[in-house]
């Protein structure tokens, strides 16, 4: 959808685009697989919207009640709002592209979807990276003076870093409009599943694309990986120290540390899979209708939903609020039957 390559700007561009979208020769998926893929994607979108909507509602209620919100809660609000917008956008794009192809193929509509998609994805990547970094600074057990100073100042820095991430993501999304379009020239070939047609990037576009992806995807990816690995190592070292001093009975603190290690490991795996899928999808490495491209879409849709569910499961406040919500939902049918 958002990773297509188009020919240069001409009067026939919209017609050529629709031909490329509708050409059955490029489709590698059967009607059954297409229907199954759409069903899976819609289920992932709805799950992500519900989970992130719950996180947003809980912290918004905390903000209204206490006139303030914790630093981690602020990051979660930014992250969940960006994911709600992203999941809604992707679901809307599937609906429009499936029901009104002529409208979707218009330049203004297509580029609005593309820019919004990249902006929200980059925001999500940055916010998740800052969440990992914040947990690392607050939980990791290091005694370096610079680290201790950072721990003391991190709560005041996070709001500025979040808005800086929004600005960076917006700048990249506006910049991408000139570099994420393929050109049929004779400079740099990109793999296409159709052997009768070759798609090319101009040399300038290739350099710009590499710079663009490095800043938008690789930097938050590296930051997330480093923060998560250092946090896991710190928790592992502390767990081993606690184990050596254990008396034999189960220590709740040790179990909490082990749970934190597992949760951080899951977050790290999900984040890496999502970043790689996004990079492949935006790079046009595969045809838009190929199985690999579809797999990337499924991964990108699954990440916000699965990560948010894990956040609810591993956060005591969110987990308690979710159980209370489930309890109230179970009570409503009983009240109606009385």
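Positions of Cβ are set from backbone N, Cα and C atoms, glycine also.
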Open item on the list: I'd like to know whether residue 30 shares a side of the membrane with residue 313 - going by the topological domains in Swiss-Prot.
Closed with: no
- [ ] Quickly, which of 194, 245 does Swiss-Prot have down as N-linked glycosylation site? Just give the residue.
- [x] 194
Task: Of the residue ranges 54-74, 75-95, the one that Swiss-Prot records as transmembrane segment - done: 75-95
- [ ] Please work out whether the transmembrane segment (117-137) lies in contact with the transmembrane segment (263-283), by counting C-beta pairs under 8 angstroms that are 6 or more apart in sequence and asking whether there are at least 3.
- [x] yes
TODO: Could you please provide the mean pLDDT value for the topological domain 'Extracellular' (96-116)?
DONE: 84
Task: Same-chain residue ranges lying at least 6 outside the topological domain 'Cytoplasmic' (52-74) that approach it to Cβ under 8 Å - done: 80-81, 83-84, 87, 131, 134-135, 154-155, 158-159, 162, 304, 308, 311-312, 317-318, 321-322, 325
Open item on the list: From the DSSP assignment alone, can you count helix, strand and coil residues within the topological domain 'Cytoplasmic' (52-74)?
Closed with: 19 helix, 0 strand, 4 coil
